Amino acid sequence: MKKTIKVLIVDDEPSILMSLEFLMKKEGYSVFIARDGSEALEIIEKEVPSIILLDIMMPHVDGYEVCRLIKESIRFQHIKIVFLSAKNKEADIEKGYLTGADLYVSKPFSTRTLVAKINTLALGIVSN
Amino acid sequence: MNSVVLILTSLLYLVFLFGVAYWAEQRSAKGKSIVNNPYIYALSLAVYCTAWTFYGSVGRAVTNGIEFISVYIGPSLMMPLWWIVLRKIIRICKVQRITSIADFISSRYGKNATLGVIVTIICILGILPYIAIQLKAISNSFLIVTQPDGEINTQHFFIGDLAFYITIVLSIFTIIFGTRTIDSTERHEGMVAAIAAESIIKLVSFLLVGIFVSYFIFDGISDIFQKASHIPALQKVFVFHSEQDTAGWFWHLLLSMMAIMFLPRQFQVSVIENVDEKHLNKALWLFPLYLLLINFFVIPIAMGGVLLFPNHAINSDEYVLAIPLKFNQPFITLFTYIGGFSAGTSMIIVETIALSVMISNNLVMPALLKSASLQEKLAGNFSLLVKTIRRTSIVLILLMAYLYYKTIAEHYSLVSNGMVSFAAVSQFGPAIIGGIFWKNGTQKGALIGLLVGVFIWFYTLVLPSMVGAGFFPQSIIDQGFMGFSALKPLALFGLEGMDSISHGLFWSLLLNIFCYVCFSLNSYQSSIEHNQAVIFVDIFEYSEQVESPTIWRGTAYFSDIQLLLSNFLGEKRAEKILKLYAQKHKIRLTSVIAEPQIVSYVEKLLAGIVGTASARIMISSVSKEEKISTEEVISILKSSQSLLSANKELKRKSIALEKATTELKEANEILQKTDKLKDDFLSTVAHEIRTPLTSIRALSEIVFDNPEMDLNEREHFLGTVVKESDRLSRLINQVLDLEKYESGKQKLILEDIDIQEVVKDSIDALYQQAKEKEIKVIFMPDRFTPRFEADKDKLIQVVVNLLSNAIKYCEPQKGEIILATHYAEGCVYTSVHDNGAGIDKNFQRLIFDKFFQAEDQTIKKPKGSGLGLAISKKIIALHNGQIWVESQVGKGSKFTFSIPVV
Amino acid sequence: MKEKLKNQKLLVLGIVFMILFNFPILSIVNHDTKIKGIPTLYFYVFTIWILFIGIIYWSVRNEEQEINKDE
């Protein structure tokens, strides 16, 4: 079941990518990886993932921009977006939700909680 | 020459003058005043040059040589001081609406009517001889031109005497000039314009005679001197001879310096008629220039006259006219006559007007106003009354001058009569100069000083001339008064060896000053006196702030005050003026009782018309003044003064406050900005710390939760945790480091170092890293680089930072890094050049800021903590050096730092 | 400040020329010789006088120019 759910992980920090990839794969999602915004957009176009774990501070195209583009397009707006960011001020979080995020997770995060939240999101997708 | 022609010419000239005056007044009425002009002002000052200058100087030069010129050098010398003294007097007169010298002295010493009377009488006594000699000069010149060969007969009185008719004509003319309008400023623009025109005419005509004598009759000025040196009488005056000459020179300078300020006509033109203080600037040099020009040919004419009339056939005072007559030059003769006429008339007009103002304002009006019943009768007709008094006094003054001329002045030359007048007005010197610079000068001091001075003046200078005319026995001069030899008028207290003018001036002035000072120090000022003293001395402080402090307490009905003003100015004008004043000062005019400020203002307006003393009397007649004790006034004055200074202080402070506020605002802005920067810095630091922390936590949790995971993977994860922990501690160290630099706590440990060693050590530290990425590192040392004082470890830190950045941005295998040192012009340069990605131009300066992206969130930082370069910059700055980057995207970057070697 | 300076400048000017126009300075030129045919004393008095006027003109003119500049 989970095999069909595609998860895209976008972050410019290799060590974070590494850990997230491990966690998602372990949960049985189909995992894709991008190191910055533009790479992410390419993969989205091609694979149309159901969930994106998105870092905000990235070179070239940042997380907000990626999120905005996705939520504006009819084709992709159903994609669940989870912001993963070290920016954890109220204002940042609010901005994240205003841009259209479904979930905002501050770094550093508890792996168990993150996995649980992603799974809940995935359940929603499946039931729909 | 035909006397009818001459009379007609003279009358025509007067009409011309009147035309000039009329024209000037018309222009002024249209608001295009020609008198508001520094050149006209300077020319009007030349009313100083009278018939005495025009005819008398030549006569004086014949007997005393260059001595006559002291009377013109004195005023010239006074000019620079004018800026200090006269400007102050002008300001005082404008603020206090003072219209004559008598008013000035009376006003300064407590608006005292007695002083005004005394000064007026001194002026009349002192100036009458002076006016008389003008009449004498005019009538003589007329006679010389009409009957050059005939014996001049001046024995007739009144009818049959030419001088009498001249007196009558001039009286009428002066009345027309001076009393057509009564204004509160007492300025006569028409008169000033006419005087300026006369000044031009007398100068041009005198120069004409001078040039005619020097260059047409003789062969230049040196020719005249050449010929004159053969005549012993003339050669004698080429130098000063005796002590008397040299001392006389000094006293004459002093005398004329005072005359230029205190002669009523000079006071009139220089102070009362002054439109703008700034005009003084030009007058300061124009007036001395005028004096120089008009005196330039005096000596040549005098010498020439003696050479042409060897047997004293002609009175030397008359050379100016006699010479052109002798050479049959009717035009030059006529023009010269007009020049002399203009010199005489200008003096008479201005002097008489000034005197008539004094007589009406300081003599007659105060006396009339003392009687309440008279005042009631006159109510409504003051304006006409003032005019009548002035007109009458003009006629009286000229008639008295005429009588003086016929009885006494006949016996003396023009110059000596003039000098006596100078000495009279010099008596005002102590009271006026003391009055504007010394607050403690009192009424009593001024009064006694003046009286004593004038008495000595009369005794030493006037009495001898009256002896000559037969009014007193000769024995007074020879043996002294009542036979006391110490009281000889020409050798008072046994002082001999001075000429009579110097002698008289010395004693009168000395005793005048002595009495003024002594009695001032030993008497007290009344309240009003003290008030005036403060205003006069500190006029420049007051005039820009307030009209004058109001020390008037009492009640007056507004309607009375208004009526008083209407009497002089007419109802409409009075109402208008009061309304304007009320508007300007935000006073209500509706109240029944007049505001004290209004009362003071009206008093000042009236003072402009009838003089300060009279105005005082009139105001007190309509008001019930409370007697204010001296202490009270002084305290009011002091409080107004301290209020004034407090005000000033407040103003100064509020300006300072304003400045401080803006500064504070700016500081606040800077603070806010730095606050924001700090905020940004903190959030950036937090972000930078969270990133490795996130990895560490996530990876450790994974390892912890997944004991069954692949061993290789596990090792890889744990390795990453270690690496990220390293990164974290490095970052924390850097932040702490930077904080040390910014707070200035970081100190350098200086030692003698060799830059090559620094670079080599840095390369050694990173050798492994470079090798791993297969990047070539080349070092090109400059062997001539000197050793210098620096902190070796810190410099290594810098080079390591630059090198590790270079390694980071170089592509593996293809990378090539060149390190180089270089010494030039007292600086050691060290550069790290890579062929990596390069840095966008926009970032090149920003990269040295800590987390430079902080300021602009849209600019994304290149990899790296963002603190290394910021720290490097601080380290280099501590070494007084500089660090910069040259780079092009895709072609690599070159970082260079330079350190000055002392 | 400027005002005070001007006062002082003019005061000094007045004093200097008062000295130049008085004894004992005058006694230096008080002898029976001639400069360009003119008695030395006369020549001196007029020359200094012209100089004096020139200096006043110059110092006041500077002042006026400064004022104009200020405006």
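Cβ coordinates are placed from backbone N, Cα and C, and glycine is handled just like the others.
Checking TrEMBL for transmembrane segment across the ranges B:162-179, B:594-611 points to B:162-179. Of the listed segments B:334-364, B:489-519, TrEMBL assigns transmembrane segment to B:334-364. Here the coiled coil (B:643-677) returns a mean pLDDT of 72 for the predicted model. By the Cβ criterion (distance under 8 Å, sequence gap of 6 or more), the transmembrane segment (B:445-464) is counted as touching the transmembrane segment (B:113-133), at least 3 such pairs being found.
The stretch from B:6-24, B:36-56, B:68-86, B:113-133, B:417-438 with the most CB pairs below 8 A to the transmembrane segment (B:162-179) is B:6-24.
Using a Cβ-Cβ cut-off under 8 Å and counting only residues 6 or more beyond its ends in the same chain, the transmembrane segment (B:36-56) has close neighbours at 68, 72, 75, 130, 133-134, 137-138, 140-141, 192-193, 195-196, 198-200, 202-203, 206, 259-260, 263, 265-266, 269-270, 273-276, 278-279, 281-283, 286-287, 290-291, 294-295, 317-318, 320-321, 339-340, 343-344, 346-347, 350, 413-415, 417-418.
Contacts between the transmembrane segment (B:384-405) and the transmembrane segment (B:113-133): present, as 3 or more C-beta pairs lie under 8 angstroms, all at sequence separation of six or more. Taking residue pairs at least 6 apart in sequence, the transmembrane segment (B:246-263) and the transmembrane segment (B:68-86) share three or more C-beta contacts under 8 angstroms. With a cut-off of 8 Å on Cβ pairs spaced 6 or more residues apart, the transmembrane segment (B:113-133) and the transmembrane segment (B:284-309) reach fewer than 3 such pairs and are scored as not touching. For the transmembrane segment (B:246-263), the neighbouring stretch richest in Cβ pairs under 8 Å, chosen from B:200-218, B:284-309, B:334-364, B:417-438, is B:417-438. For the transmembrane segment (B:334-364), same-chain residues at least 6 beyond its ends with a Cβ under 8 Å from one of its own Cβ atoms are 1, 6, 9-10, 13-14, 17, 47, 49-51, 53-55, 99-103, 106, 113, 116-117, 119-121, 123-124, 127, 130-131, 134-135, 137-138, 141-142, 145, 170, 173-174, 177-179, 186, 188, 191, 194-195, 198-199, 201-202, 204-206, 208-209, 263-265, 267-269, 272, 320-321, 324, 386, 389-391, 393-394, 397-398, 609-611, 613-614. Tertiary neighbourhood of the transmembrane segment (B:284-309): same-chain residues 38-39, 42-43, 45-46, 48-49, 53, 57-59, 61-62, 65-66, 68-69, 72, 75-76, 79-80, 82-83, 199, 202-203, 206-207, 209-211, 213-214, 217-218, 221, 224-225, 227-228, 231, 233-234, 316, 319-320, 322-323, 326, selected by CB-CB distance under 8 Å and a gap of 6+ residues from either end.
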